[in-house]
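Undergrad: Below is the structure I would like to discuss, written out as structure tokens.
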Ligand SMILES: O=C(CO)[C@H](O)[C@H](O)COP(=O)(O)O
């Protein structure tokens, strides 16, 4: 069954497909989480099936692990892989230095560990995720359930001293109950509107007792593949200072019609 993709899904598909095609035989690859990453995992599975591509995948969530196995990718743990050649993952926001906000899907703890243990991180995103200054997307902070309200108060005290516009910290919910991450923790979403000094905020947040990890990725990402609604993709390399514009990519609706709602 096929259905038309929205421009955003088409953009995500195009970016994901371009990035999956950068994976080379024999690579150990970190597999991100979210709807864009899911397109990428599907495409990688297709290459494994059709081209005999040999890859070992390290998933960043239970749902990505499940999908990777379903599409025929060999799944290994980070400790089994040791170090990774490449991680490909989505993001909620990225700026011109490729600083990111991640964790909209609540997987940023494992995503940060896996990306940091990789020679290269490529972010895949639709063009709407690019921002001048990070912060319009609420910043996810994973906290342990014990004393989470105290942790929230401490975070708010820290935010009062930082260059941000808002300071509210909301417990993420899953229906009536608090959202629980794969690691058994909760997530506080910080509504900051504008983060003046993301590097400093990332360091300071992780010093609050009870905080496990925040969703700011600074100096971790090397490249971004930006997808547009019409299937155009741009590959931007922050170290080389280059932008390549690729051929139009289409066909997502035929291949992966069930994925558009995944996060
Ligand atoms: O960080 C993430 C999950 O923790 C995702 O990569 C981020 O939320 C983007 O998701 P999507 O590709 O569905 O827009």
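Residue numbering: from 1, along the chain as shown.
Even glycines carry a Cβ here, placed using N, Cα and C.
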Undergrad: Quick check: of 129, 223, which does TrEMBL put in the same substrate site as 33, 34, 35, 36, 89, 90, 91, 92, 102, 103, 104, 105?
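TA: That substrate site, as TrEMBL gives it, pairs 33, 34, 35, 36, 89, 90, 91, 92, 102, 103, 104, 105 with 129.
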Undergrad: Around the Cβ of residue 102 (substrate binding site), how many other Cβ atoms lie within 10 Å? Please give the count over every shown protein chain.
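TA: Result for residue 102 (substrate binding site): 32 other Cβ atoms within 10 Å.
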Undergrad: According to DSSP, which kind of secondary structure is residue 111 (active site, proton acceptor) found in, if we only use helix, strand and coil?
TA: helix
Undergrad: Considering all pairs of residues in 33, 34, 35, 36, 89, 90, 91, 92, 102, 103, 104, 105, 129, annotated in the record as contacting substrate, what is the maximal C-alpha distance expressed in whole angstrom?
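TA: Binding-site diameter by Cα atoms for substrate: 16 Å.
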